[in-house]
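Participant: Copied straight from TrEMBL:
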type: REGION; residues: 1-28; note: region 'Disordered'
type: DOMAIN; residues: 53-475; note: domain 'Major facilitator superfamily (MFS) profile'
type: TRANSMEM; residues: 54-72; note: transmembrane segment
type: TRANSMEM; residues: 92-112; note: transmembrane segment
type: TRANSMEM; residues: 148-167; note: transmembrane segment
type: TRANSMEM; residues: 179-201; note: transmembrane segment
type: TRANSMEM; residues: 207-229; note: transmembrane segment
type: TRANSMEM; residues: 290-314; note: transmembrane segment
type: TRANSMEM; residues: 326-346; note: transmembrane segment
type: TRANSMEM; residues: 353-377; note: transmembrane segment
type: TRANSMEM; residues: 383-409; note: transmembrane segment
type: TRANSMEM; residues: 421-444; note: transmembrane segment
type: TRANSMEM; residues: 450-467; note: transmembrane segment
């Protein structure tokens, strides 16, 4: 990582903007330079230069997973200590308030990322997580716990969209999918860490406070280490800081590839203004189709029932005579194995193929869940089908439906609206996440498991059709190549 963050004042002056850069190079010169650059060096950019920056960025999804799971085991103990034990509504608020905060954070994440840059956005998202975790750890009442959870959620809402943007924009094209898979793996590791740390909560008085204090360590590391990371060249270029953008490309891709990256960036930019991107432009503008595709992918991801399966897993395992701790281990391992498969295949099979197979595999797993409740299936076989179907569902989700949307959307969306479009898509994710978690148990009671899992399977099959018809494969392509390919015809 680069520690040379203090640049001379002249480099920070907006002396030449993207329009000026484009104007100084006609299309023939750009094409010639690009051609010559490719002839001089046909190798892929070294991946080791950008890897440290990607690893720092994955602290955000690690915290995301940790805070989503941190109240899983300790919730009962928290409710006893803070005086709301037995009140299911208040217990539910401890979980869902974090999701509400995340929705609020996601709405402003695009504005923050565009105004202060990706690096500063990371540091800003760490602040409410530090404050919120401290308030939760020292809470004496339900009010204090809810305030802390809301602040943590606000940071979680800002962080993941920025992490997806940053990883996408600093990664070489040939490993961008692999690096994007790190986000899902980090989320999985964060969730497993929170569940593991929560194990002693029933035997050690006040241990739940320790669970919240622990989260301060990765949040502090994020704020500190981001001081030494490089800024996104794409954001610098949009700010008119051309020299700095090229310098960052040299650090991230190597000097021989920086010129080519700059030429590609100038060709895709076309001198468009970056200010005042409004919601109506995201939904009705010239790039609305890719924004709608991204939002739909996140919607189908949540409507597949993945969070409902997570919420219901402990109950299914307990019915089979398996402890909840062991159930969490099984689900965590399935998630980790699937994420590792995605890591290996993302840049080989491609995003679209993984999405198709992932949603199809999830649909198959819901069939197993439905069969498990059929009257002609014996009790013992039903348990095995239910557990096997659940683990297969989690495994297949982690292979594609989990990691791909967060990577694919920043790839598809043009640079000019990338941050705000990602924020809008993530807000869709949080709303549906909240609704599925809120309504699942009630729907389960009224519809029964057969009808409910059939509904989830139907959404998975709808996702297969949607991906087949609408999603563009982005494997191995630069962000500029993708943007030019999707650019509406004048």
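A Cβ is built for glycine as well, from the same backbone N, Cα and C atoms used for every other residue.
All annotation found in TrEMBL is predicted automatically rather than curated by experts.
Help me picture these features in the structure, burial and contacts included.
Facilitator: Confidence across the domain 'Major facilitator superfamily (MFS) profile' (53-475), taken as the mean pLDDT and rounded to a whole number, stands at 86.
Same-chain residues lying 6 or more positions outside the transmembrane segment (92-112) and placing a CB less than 8 Å from one of its CB atoms are 67-68, 71, 75, 78-79, 121, 124-125, 128, 132, 142, 145-146, 149-162, 419-424, 426-427, 429-431, 433-434, 437-438.
Residues 1-3, 5, 52-53, 56-57, 59-60, 62-63, 66-67, 70, 74, 77-78, 81, 119, 122-123, 126-127, 129-130, 133-134, 136-138, 148, 155, 194, 197-198, 200-201 of the same chain sit 6 or more residues outside the transmembrane segment (207-229) yet have a Cβ under 8 Å from a Cβ within it.
Away from its own ends, the transmembrane segment (353-377) comes close to residues 297, 300, 304-306, 342, 345-346, 383, 385-386, 388-390, 392-393, 395-397, 399-402, 404, 408, 448-450, 453-454, 456-457, 460-461, 463-464, 467-468, 471, 473 of its chain (Cβ-Cβ under 8 Å, at least six residues beyond either end).
Long-range contacts of the transmembrane segment (383-409) within the same chain: residues 160, 164, 167-168, 176-177, 180-181, 183-184, 187-188, 294, 297-298, 300-301, 304, 306, 309-310, 313, 316-317, 319-320, 322, 330-331, 334-339, 341-342, 345-346, 351, 354-359, 361-362, 364-369, 371-373, 377, 421-422, 425, 463, 471, 474, each at least 6 residues beyond the stretch ends and with a Cβ under 8 Å from a Cβ of the stretch.
Remote same-chain residues near the transmembrane segment (450-467) are listed as 296-297, 300-301, 303-305, 308, 352, 355-356, 359-360, 362-363, 366-367, 369-370, 373-374, 401, 443-444 (criterion: CB distance under 8 Å, separation of at least six residues from the stretch ends).
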Participant: Are the transmembrane segment (54-72) and the transmembrane segment (421-444) close, by which I mean at least 3 Cβ pairs under 8 Å that are 6+ residues apart in sequence?
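Facilitator: No, the transmembrane segment (54-72) and the transmembrane segment (421-444) are not in contact.
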Participant: Could you tell me what the rest of the chain brings near the transmembrane segment (179-201), counting residues at least six beyond its ends with Cβ under 8 Å?
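Facilitator: Same-chain residues near the transmembrane segment (179-201) but 6 or more away: 50-51, 54-55, 58-70, 72-74, 77, 160, 163-164, 167-168, 171, 207-208, 210-211, 214, 325, 328, 332, 335-336, 339-340, 342-343, 346, 398, 402-404, 406-407.
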